[in-house]
Structure formats: C-alpha cells, structure tokens
Ligand SMILES: [Zn+2]
C-alpha cells in the first residue's frame, strides 16, 4: 500500500477506538499517535498531490443494511477470546459469487436493495491438527451506518465433506472481534478437505471508502456510480466471511453479477466476456488467482474507460489503465503512466527473475475518484487515487509527475514483495512496505536517471525516518505487540515505510553488489510463502561477499548486527573524537537519539543505554570536486571499508583492526597536519540510519571547508552537505550533546552559494522549526532579518524579474520526452521562491503578485475542462511548477485582498484536476485577513470541500501564526461537527510552545471527558508542547544570539 497522502487519514484508528472498548489503552496510543506523526511528516516532504473529485458523501443515502438476520448468541461456554484466528484450519480455495445492487445513476438511488450485495462463498478448508472442533473465521456483522458489514443466520451455514453434508451444532457470532465460530457436530480430521458454504449472505456497499464501497463521477449533472473493494489490511471481512489474516493463503475464483450497463467489471483474475442472465443482469466470471492472502482480493464494478499496451510485445500479456473516460482522455490517454508501469515491471522481472506474467495473465491499474489510501497493490488489479496514477501534460507539476512514477514503482514492487512473498503477520509490515519504499527509489533511479533521485533518498526517506523515530512512542520495525485493529493500522504509518526502506538501504550499502544476489535467492526460496524478518536476515548472512585483495569470501552475520535496528525503536548517534596523532586514533561513543520531551510521560523510564551495531564508514577531507563523502559507486562501499561498532564506547584503533581489509589512512589529529582538508566525516552518503557528532575542532574545520569561497561546498558531496546540516540541527535541538547552534549557523553560512535542492531544502525544513518556535515572540524579527538577508543574496541570482524561475515550463511526456529543466533544479527553484516570499523578500513578492494579476486578468482556469478540444487549450493558463507560490503569495500580498480571495475561491469549483484544486485551497489559506480565513474554515463544514480535502485545510492554515490561532478556536467551537479530529489536533497544536497554550489544550481535553477517542492524540500533542516549551526555556537564547551575529555573516557574492 502506498501511504495515505492526505492528512490524518487515520479514521480507522480513531473510529475503532470507539467501536472496540476492549483494546487496551496502549493499543490506542500506538494506533493513533504514530499514524499521525507519520502523516504530518509525509505532508512536510511530499506536498499533497491528491484530492478527490466528485462524490459528495453528504447526499449519499446510508448504507445500513436493514434488519440483521445474524443471531448473536451468548449461550454456551465462553470462547477463548482472541483477535487472532487459530492456525488449526487452513483455507485453500474460495468460490465467491457476489451480486451487486449498484444504482447506475442518481435516478436509481432510491430503488429497493440499492447499495446492497448478496453473496455466496464456498471455502475449501483443511484442518492442520487432529480433532478440530470448531471453524473460526472473520465476518464483520455489526458496524455503524454507512460502514461495510455482512449478515447471515446460522441456517445459512453449511459444511460438507465431498458431497456429504455434515451437521453443524451451533454458530456463534462475536461482533466485538469480527469473528464467527462454527461448531460442527463431529470433530474434523487432520488433512481432510471440507467445504464450508455460507449462502445468500447480505452485505452493504459502504459509503466510508472502506471494504466494498461506492464512489462516483459526475459530468453535466449526471452521477455515474461505481463500486470497488479495498481490503488491506483487515477489511475483507466486510465483504465476505473469510480468514482475514495475511498468513492464510488461498486461491480465489470470483463471479460478479451486475447490471449489464456496467461495462467495465474487473477482479484480480482475467475476466471472460460477461454472460447475460436476464432482466438486464450480467454474470462475469474471473479466472482463479494464484495463492494469496485475502487482503489482496478486489472487485471493480464500473463504466470506466481503458487504455492497454502489450507488455514487451508478449502475446496476451497486457498492462491496462482504467479510469473515468473523461479523465483518461484529459490525461493524455495515460501514456506516461503506461510507460512507467512497463519500465517498473521490466525492472522487477529482470532484477528478481520472477516474471509477473508467470503468475498473472494481465495487469490492470485503476484510477479511482475516491480512494482511502494513495494506492494499494491488489494482485492483478492495482488501485490508485486518480491523482497518483494520472499525469496530465501541461497541468501536473514536475513533483507530482515524479510522485506518480514513484507510486507506480512502489505498487509494482509489491507484486513480488507483498504478494509473491507476504509478511507472516502485521508485526513485520515493514517486510512489505519497507521493501516497496526502498525499491521505488531503486527503480526510479535506474529507469529515470535524468531525475537525479539517488541523491535525494536520504532527504526524502532517511531523514524522515529519523524524525519519526526520535520519540520513545515510536514503534519498532518489528512489533510483536500487534493484535488489535488500531495496532495494525499503526504498522501502516510512515515509520514502517521510511525506516524499513532506510534499513534496507543500509544493508545494501554494507553488502555492495552481493545484496541483489542474496535478495534473488530470498525471493526464490520463499515465493508463495509468508516470511518474517529472520528469514531475510538468514539469507543475507548466507551470501558470500568478496572482500580484500586477493579477494576472499566472507559472510556477514546480519542476524546479530541487524537485530537492534529491527526489534527496538530508536537509532544511535555516534560521537567521534580524534584524540591522538595516529590515523585511527579516534574514540567513539554511541548514544540513543531522542528529541527532548521535557518532563512529559513519553520519555519516563526510557532506555538510553541501548547500543546498536553501527556499520561505520569514514571519509575525510580532500580537494576534488564532489569528493568528500561521495559514495563513489551505486552499490555502496563494500564490506572492506566498513567497521562494525558494537560497543557503547571505545577506540577505533582497537575496535577496527582491519579484518575486512586495509583501512584508508584517516588523517591524524592536528597539529601534525593542519591542512584545510584535515577532518573526518562519517557515514558518507548517509547510507546508515544514524547521526554523527564530532569533536568541536572537527566541526570547525568542516565549516571552514564548506565556507571556502563560492566553490568550497562543491568539494563536498551534496548528500553530505544536507546530512551535516540535518545532524547538526537535530543534535543542537535535543540539548543532549555538546553542540550549540553556533555550529549549525557556521555550517550554513555558505547557503547563498548552495544550488542543490537536497541540502538547501534540508536547511529550510530545519529553519521552519525555529520559525514555528519564534514566530509569536519578540525575537521573530531576528529570524526574519536573517532569512531576508539570505534571500536578498539568493533571490537576485535568479536573474531578471520574470526570468525562467517563474516560468510555465512543462515537462514533456512524449516517447523521447525532453523535460525542460531538471527535476532537482525545478524543486530547488521552488524552495527558494517559497521561502523568499514567505519571508517577504521584496522582489519575490513583487514577482508573485504580478504573475497572479496576469493570471486573474486572463480569467483562465488552471486545468483543462473534461470535454477536451484544441480550442479549449487556449482557455487554460497554467504554470505547473510555480502554481503554489504564485497563487499563495498573490493572495497574501494582494492590494485587493478580499476581491482576489473571492475570485480564487470561485475558481476552486471550476477546476477539473485534483492537484489544481489542492493548490487553490492551499493558497486560500495564505490570506492575512482573519475574516477570509474564517470563511475558509467554514468550508470544512459546509460540504463545498470534500472531507479528505477539508483536513488539509487545517494543515495549510497552520503554516501561519494567525491561521494556527483561528484553527485552534474553530476546532474547539466545532468539535462535534468535524471528522478525523486526531490529525487536526496534531496539526493545529504542533507549534504550541507556551504554558498558556499547554493549559488551553489540557483544559479542552478535560472538557471532552475521559472516554473521547482522541485522548491519545491530545497526549501526544501535550508531549510535543512540553518539548517545545523546554526548547524555548533552554535553547531560545542560544538561537537568538546566533541570529543576531550570523545574519550579517553571509558571504557577499
Ligand atoms: Zn505499499
């Protein structure tokens, strides 16, 4: 699954907190806290690319399936209560027939049985133990109105062996745990096949975008309905009785009965031509799937259009993209998405030697107007939000384009990692998601080299993981305590993705080119099986690695080296101090990295003494361009340049005897060599997921080196520049290390010369924390003065006003497409423009407002209308790369604030592309006028903005101090009318840093009573506020005194 890109899509956690009173508090704490922390950060580094289009859920009739036929029996002995199914029965095959009562358009919404299903499932089962006396499986038989559930009575349950009916004594429904227990009269034999049938059970096509749910598109006043099933990780039980856990692999044969006007009906297997069965109904049967977990099952009932290519010209091997026909047309007939899909699939086939079409006969990918996640990897029918699959030439920004390619690569890598091999249980979710995150960058690096993504992976993933994992409330990658639904949801937070991906990247760095050889063996050995992390570590440890000269084969004991990284939360900082003149006369000390949390409960009793096995690689000063800290080759460093640091403290001289070959001569401590290149840098390329601290003299020399004239920094690899800034900022922020903000600002003095996206964006992201802390204090002027001075130097470098920096350049997408401007350059421009205008650098604001005026005067929309024609194109004025800045600062610095805001507001409904609508909402939040911001907040309630977008509004608002205050008041006043409130609490309070704000949050939380589901979100928010207050008490003076000195220390070009 691709992580949800919308804010706080963690309804699951919050809602289920209410539904299940049973889960222990800890479950809820994990479930909600980390879902949130992750979505926040995802948002920071990956701008919202997706909003949804037309379905107005408020007018959708409720999906309550009427009187339940399910009998809830409480008779008989108490059943051992557990949320995990017993392993005593293995499902082997499902025959599912589902009749779908879906209205075709709005005229049919009030027909009887609308939004219902009737299903029959036959499950072939085999006991794996002797004398099994019950069959326990999942069925969600109770749910709130509008949410998916199924109903049946004991009389609809039948069991047979061959053709002999077996009597069933009793059927027990346990709705509190979504479980049904069937007691046959006689015990079942180990190894014998039985068939369990549940006939004509009733179901619901839900309105909450979970399980089997309804969605629609609207054109010219007509609504076209569709239904689609999204199960991962635990929602199959909402559509069919099943064994809804990943380790139960079965094959599935699906038949769908549907109104014949739904012309595009799909499932995982290939579909034959539908067979008319009378009364306007059609029956479509799909070929049997490979053995897979039920969460990968899906169906789609729609009128979608389709575009298809033959994969590598192989007969009958097709890749198709499905979606609303208007959207396919308007998105260049999805040429780009088809090309990216082919490239990603070829890469996976080639790398792992398990060709996709050996197991599936087709690959469908559907773009859905409503989708609760970014995308999900259902085998043979991958589901996406429209915005994550459809690239619109001329409208989609470079960043969205890269994101679309990334989501496609992510999902197609799941065809092996997730589908062919599946984690045994969600405790090891990272075995699916960490791999997909890691591989999406590997694939993009190889298939779209011109984008230069390799150097951005540390920024996009490793640094994100380190932010999330800096609190003790973070879960370990392997979390044995996953039982409840909130705990499962929690495992799908960004941490599993980003840290999982970072750990895999670290292992690749250690193994070099041997890494993929080992992965190929891992895949071959475990295909069609379920895996846990020990399986992976064992295979990696078996792989011979050639080291030294002459080459000898060695093995690395990953089982012991990687254990702490996987089974514990957190990560280390290693402090290196040069203590003598010898080349390896360096002491080390490792310590867990924790962001401070004051006296809050989160860090009480935290184990700070834990040690990791750190794969240490050293680099040192040199004088070649881009050479300091450069990894040098694609496959990492190779084992012979690496030393495993396993102790808490020690000396490299004794801990790294060089058994892996000869070490490079690290430079001696001054004064024996005082050259400008005499410093060390550890963890080049930020390949390891750890931070590094140095002795003060080393930090000083690094800063001198970086600041040596306009080209000094260019001697250092760009990843290393960003890594040094990120490490220094965060080490200073904790207060736990001997490093002050002087080190941070000394490092950043060269920033006027920095022209690379990664390091510059890292600096700006970290400055944003200082901005959040200082913006309501008397010291804010010092920060703005520093930033304005920086951008007074930096902005004019952009050349004359209206130069290409604000250009409307569009990435071409034709076969040999020449993309105008490199991806990283466009991104770099955007960071500069956004920050320059944010700090009100005069020329930047002038440029933004004049661009905005031009656009307004032209009165043209940002995206093409659905009915595309070449004449229509003339009515569109777009500036895909700089749209966010032009609209936001055009509104913010406007002389006609109200009029311009109203104009933009009216444009929102005219736009047909989700990304354009998101840009407009984001810009509306940039206003300085309180009354206009209030109107924007009202849009979260009045139905003019879709629910998922309305949560983004809170996030956009809190970029600004006034917006933050208004949002907090609005949240308190309208608490009962808002949904997904946990994420709003997190967003709105993120910058709170005064004792008064702390009291307000505490008081409000208390006023809601002890049982409110958002309590964990409040606890987390309070921890953060406490940390911010402590930072204000202890660090603000240090920062302010540095700002006062450093604002005038920038080099003058
Ligand atoms: Zn995924």
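Cβ coordinates come from backbone N, Cα and C, glycine included.
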Site-mate of 410, 414 for Zn(2+) in TrEMBL, selected among 386, 433: 433
48-70, 71-93, 94-116 - the range that TrEMBL marks as region 'Disordered': 48-70
Local Cβ density at residue 433 (Zn(2+) binding site) - other Cβ atoms counted within 10 Å: 30
Rounded mean pLDDT for the residues that make up the domain 'ERAP1-like C-terminal' (679-1029): 88
Reduced DSSP assignment, residue 414 (Zn(2+) binding site): coil
Neighbour count (Cβ, 10 Å) for residue 410 (Zn(2+) binding site): 29
Cβ contacts of residue 414 (Zn(2+) binding site) (under 8 Å, same chain, 6 or more positions away): 377, 432, 436
